[in-house]
Amino acid sequence: MSNTPDSLPVKPTYEQGSTSISSDDISDEEAQVQLKSSDQDTAKDNVKDGRHTLATLFKYSYSLVLLLFSVIVVTATIFTDQTKMAADVNSAVAFILLWVLTLWLAFMEGGQGCLVGLQPIDKTLYAQSHPKALKVTKLAHEGNNLERFIVGRQFLVVLVIFVINMCGSALKGASVLNLPDFMVEIFINSGVALILMTTILGQLTAQVNAADCMLDFINNYVMLITTHVSLFIEMSGLLHSVYLVQIIFAKITGKSTDTQPTRTIPQAIFFWLRIVFSVAVLSFSLAVTLVALFDGKTTMYSGVPEPVSVTLLFVLMAFVGMMEGMQIALFAVINMPKDELKKHSQAAKVCDLVFSGSHLQAFLIGRQICVTCCMFIVARVATCSVDEGETTIFGVSAGIQNFFNTGLLGAIITTIIGSLAWRIIASAFPVAFLSNPLIYLIIRLCLFLEASGVCSAAWVIALMHRKVARYEPDVTYLGNPDAKESTKHQLGDDLELQES
């Protein structure tokens, strides 16, 4: 493991009842980047130096084959007009948009960890070598912009996955390349091929390289634009419902929300107006989505009864929410006195499992795979699909119905109810959250997914991308942190819980 600034030990502290929405509470992908960096370095070193076990070689090989096959299958599905975007718009547009969004997703996944990791670093150290990265960090680290960026970026990630689903997920009855029925069901109809593509190419590969090449990774205008867009989304008030949840739990726990600046009366009025707007939008989105589900007018898998679809939507959002929140809860109790933790046997059992050996890194990787799978299924369940000539939802015009069909409403529901709200709950009551017996089972599932090696191709592709892009470790530009103990201790304090 290279001694780069972003991979220094993280020492989160236990603070029961904290409810502030900040980089300490909301961010999760950066934890995946930084806390698994040792596993990533080991994997990359193995690929580079040829130190493999047969099991490792097998995982790399079969994962690469699966990825290649998935890319071929998804491409064939698009160019035979068997996806929603290809059928409604154009196959070439769907293909180009799929890859553009996958690459953009990679920037968002890796970039967030970079912005958190670079927060305590003196910007003069890279002002001349990375001028674009300097612009990005100056914008993101100004005031409470990092917290706002993380909230807005969460919606952007969900929205991108919803659109990728429209571009690449097969329509009912799709079949390509004369594949046997069982392979069609596994890779096409269930969406496994698209999920593998997105997880490996749009998420894990970027996170691997962003782990210790933060400066090179964000030294581009794409990341600058992404930061501006994320801040704009948060400023719009679309997601301000989550601040209402934050305030409610702050009242319950008796903790103040200390990350928001003091507001003037006009600012307070604007803030609460946006909360009202967000609650109205969320309520309307729920109403439209539920009506569409009960009427069978979504992109849900064929043959699934409408009541089952509705139940599945909320079950999946709760499942995703638990995976989002458990990471925050784990980092909230990591330094809790052992005697205190032992009073809660189930929570102690969960912590013993996660923090033993390399289970933490494995959990974070498996969790990413699991979250992505669930997000794609939620996208299929919650995206409206009303064809031309059919009765529209609530009798709206065809133009408005086409807007409903974009999946935007489902993305709003998923971001607020299936992600941000659960993070606040986990932050407020971490021990109670981990005491849920389902948490232990979910962690076991995540460990199994990582052990399967299904996404091991990410390490190989990351190494190739690193060489092509000529990424250098941050230590090359920032100096050896071993010679800067004060910086090292500062990082340990400032990155506290920012991975969670």
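Using the three backbone atoms N, Cα and C, a Cβ is placed for every residue, glycine included.
Of the listed segments 186-205, 346-365, 466-485, TrEMBL assigns transmembrane segment to 186-205. Between the transmembrane segment (155-174) and the stretches 60-79, 271-294, 403-426, 438-462, Cβ pairs under 8 Å are most numerous for 403-426. When Cβ distances are compared across the two stretches, the transmembrane segment (403-426) makes contact with the transmembrane segment (225-250), since 3 or more pairs at least 6 residues apart fall below 8 angstroms. With a cut-off of 8 Å on Cβ pairs spaced 6 or more residues apart, the transmembrane segment (225-250) and the transmembrane segment (271-294) reach 3 or more such pairs and are scored as touching.
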